[in-house]
Amino acid sequence: MDEASHLPNGSLKNMEFTPVGFIKSKRNTTQTQVVSPTKVPNANNGDENEGPVKKRQRRSIDDTIDSTRLFSEASQFDDSFPEIKANIPPSPRSGNVDKSRKRNLIDDLKKDVPMSQPLKEQEVREHQMKKERFDRALESKLLGKRHITYANSDISNKELYINEIKSLKHEIKELRKEKNDTLNNYDTLEEETDDLKNRLQALEKELDAKNKIVNSRKVDDHSGCIEEREQMERKLAELERKLKTVKDQVLELENNSDVQSLKLRSKEDELKNLMNELNELKSNAEEKDTQLEFKKNELRKRTNELNELKIKSDEMDLQLKQKQNESKRLKDELNELETKFRENGSQSSAKENELKMLKNKIAELEEEISTKNSQLIAKEGKLASLMAQLTQLESKLNQRDSQLGSREEELKKTNDKLQKDIRIAREETVSKDERITDLQKKVKQLENDLFVIKKTHSESKTITDNELESKDKLIKILENDLKVAQEKYSKMEKELKEREFNYKISESKLEDEKTTLNEKISNLAAENSQLKNKIEDNSTATHHMKENYEKQLESLRKDIEEYKESAKDSEDKIEELKIRIAENSAKVSEKRSKDIKQKDEQISDLTQNLKLQEDEISSLKSIIDRYKKDFNQLKSEQSNIQHDLNLQILNLENKLIESEDELKSLRDSQKIEIENWKRKYNNLSLENDRLLTEKESASDKEREISILNRKLDEMDKEKWNLQESKEKYKRELQKVITANDRLRREKEELNENSNNIRIMEDKMTRIKKNYLSEITSLQEENRRLEERLILNERRKDNDSTMQLNDIISYYKLKYHSEVRHNNDLKVINDYLNKVLALGTRRLRLDTRKGEHSLNISLPDDDELDRDYYNSHVYTRYHDYEYPLRFNLNRRGPYFERRLSFKTVALLVLACVRMKRIAFYRRSDDNRLRILRDRIESSSGRISW
């Protein structure tokens, strides 16, 4: 139950608001007049019919909450932390002291303890940290700039591709907007047709109503005219049938429009497919780009291989020079031996012959060395020719760049032409919109004419029977004219169907051309894949040739080393011969003969080695010739591929020109057809005007219906023509976009090298400037750091004492914050226990009151306090008396009650205290955080 239903009169004034409910105040006040400002006056002004007023407590001026006074139950928290009482004076009563309370620590807080200054001391450490960060940042910058120089070139190329893609997306969005505009125009035309149909239905209803009125009036006038009216009604029924046929035709036209909308959707799907094909072509073009880059890399590798061959040839030249020097040294030694032999006259002629043989062999060796030198010179000439061929290829590439630029200009011209055509088409659409507005005006005029017809219809009732007969004759004539017009209309429909059939045939032809182009593209892709395979095979062959060549070079080096060893052995033997000649002049002839035989054998071995080397050189020549042939074949294949690509591009351009010519011819034919239609329309309009002059009210309405149907046909035709022109423009745009994309990519690939070189030069200049500026800034920072190092050395002595002060102040603040938190939790617990006790008491009272109202006897074990049974409000044996004038008691919870100033003041005071406590708490937390950071930084571990 609600609280207001149980309280007696004036009991709410004795309650105090709490977050849970109302609390009874003390019953110490009297019902006297207000004597002091703290006494609460009687708000009822002594109503006689109201119940007795409850005694109220005289409140003190400072009605703040004291946790020790309000709550009686003990706290459930741990008393490990002492309580802090800041502004509580010591109580004079020694008997009422709470022994559970701990000593007050505010006096300890007020002691003059030397506190640290964390902000000032932290600046030094922050500066040191900045110094270390600066050193690391320099290293990272130096490494990062090196990577950035390599990465920016790739990023610039990617940005170019991204910009092209964005431009293409923008063009596609514009085309979609144009498409939506045409669809909106189509919707407006459909709405206009619906309006015309509604008007036709309204006219038919008016005709029916007027015919009924005429029939009702003529029955009163004449009975003989009924037959004539029936005849007129039959004729009107026939006319209605004709109207139904016209409506059926209109429905057929609507169905045709639906079919056309489906065709539009199918064509949109085709557009999406074409866009997907464009994306595939783009991906194929990118693959071709990668292939070209791969070929360029192979050319670079081969140039590097040629350079390596040059280096190896230079090494061979050095080895040959060393051999020549050795041969010269051997000649000098032989000359010395000859002089010695001349001095010794006892030497025989056989030894002289041996010496001549040795000289001849040495001369042969020199000739072989000269031949090898000539071969090396020839190889160098071949290398120079290869380098010249490479330069020629580079010049051809530059020529291709210029050709691509000219083709780009041609494409720009074609783009301009297409844009002009698009503008013309837009102007035509504007003119057609103007025609639509003219038609709307004509429809309004027809509405006015209908209003006039309504007026004239009332006058037509007085027409005589003779005029009705003449009208019948005119109706027959008009029926014949309608038949003629229907025949013409059927002929026009046949012509339209034939043209639609021709248009479908042209569309099928265009689709066949598209398929052929796609097949050519697939063939080109297959050829490119074949060329890739050939290039890979050639690369593997060249790799094997390199390995064989290196093996042969290693074998030659080994042979040369063996030759050197043999030469050294011969030198040792010559020295031994000298010694033997000095020792034994008698045995010289025998030993020399043996030595000469050995030398002959050695010379034969050397000649065999030379022959082997010559064979190896010839094999190397054949390998080099093969390599040249393969290289020339690759060049010829590349030239053929490029020639084929150029031919394909020319064929595509010719096809574009042919398609443009076809479009022009189609446009001209469409214009001629439109003019013929206009002429026919004018002739028909003249015939209709002639018939309209002869007809009267009923025939006028039929004529209007026919005119409206014709206008609908014209609108449908215009709509169809607009859709056809739109689709043709879309096809042209797609073709031009594909050609543009190809040529742009080719141009960008060829211009990348020049742009990259310029970008790298600009970057190098910027890097130099940045390095100079960084060097100057580093010098200045070094000076500042040296000065600060001197200051830091002076401050190191004071750090130890400051660390102790920081630790002491940190733990002291932490301790006091925990103590305050514990005291706050105790207060909250006591308050909640008190609120629970009051709530349980209130529930018990409510149950007792319910039992009293229902006359339920008390149980034997009554748990309520005796105070509640003795009160004059809540006793069991005292009936609850309601006031007589209940309407005057407007101080319950259901009535608006005015707040007293005291409650507002207490609320404001509580808010101010909470604000102060929050401020102090925030400042203590900030101070704790600063001290913790300082302690961690001083201990050597930093956690960020």
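Each Cβ is built from the backbone N, Cα and C atoms, and glycine gets one as well.
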Annotated motif 'Nuclear localization signal' segment (source Swiss-Prot; candidates 178-183, 742-747, 862-867): 742-747
From 426-431, 510-515, 726-731, the residue range that Swiss-Prot assigns the feature motif 'Nuclear localization signal': 726-731
Swiss-Prot annotation (motif 'Nuclear localization signal') - matching range among 54-59, 90-95, 324-329, 504-509: 54-59
Mean predicted confidence [pLDDT] for the coiled coil (119-799): 70
Residues in the region 'Calmodulin-binding' (900-927) grouped by DSSP into helix, strand and remaining coil: 27 helix, 0 strand, 1 coil
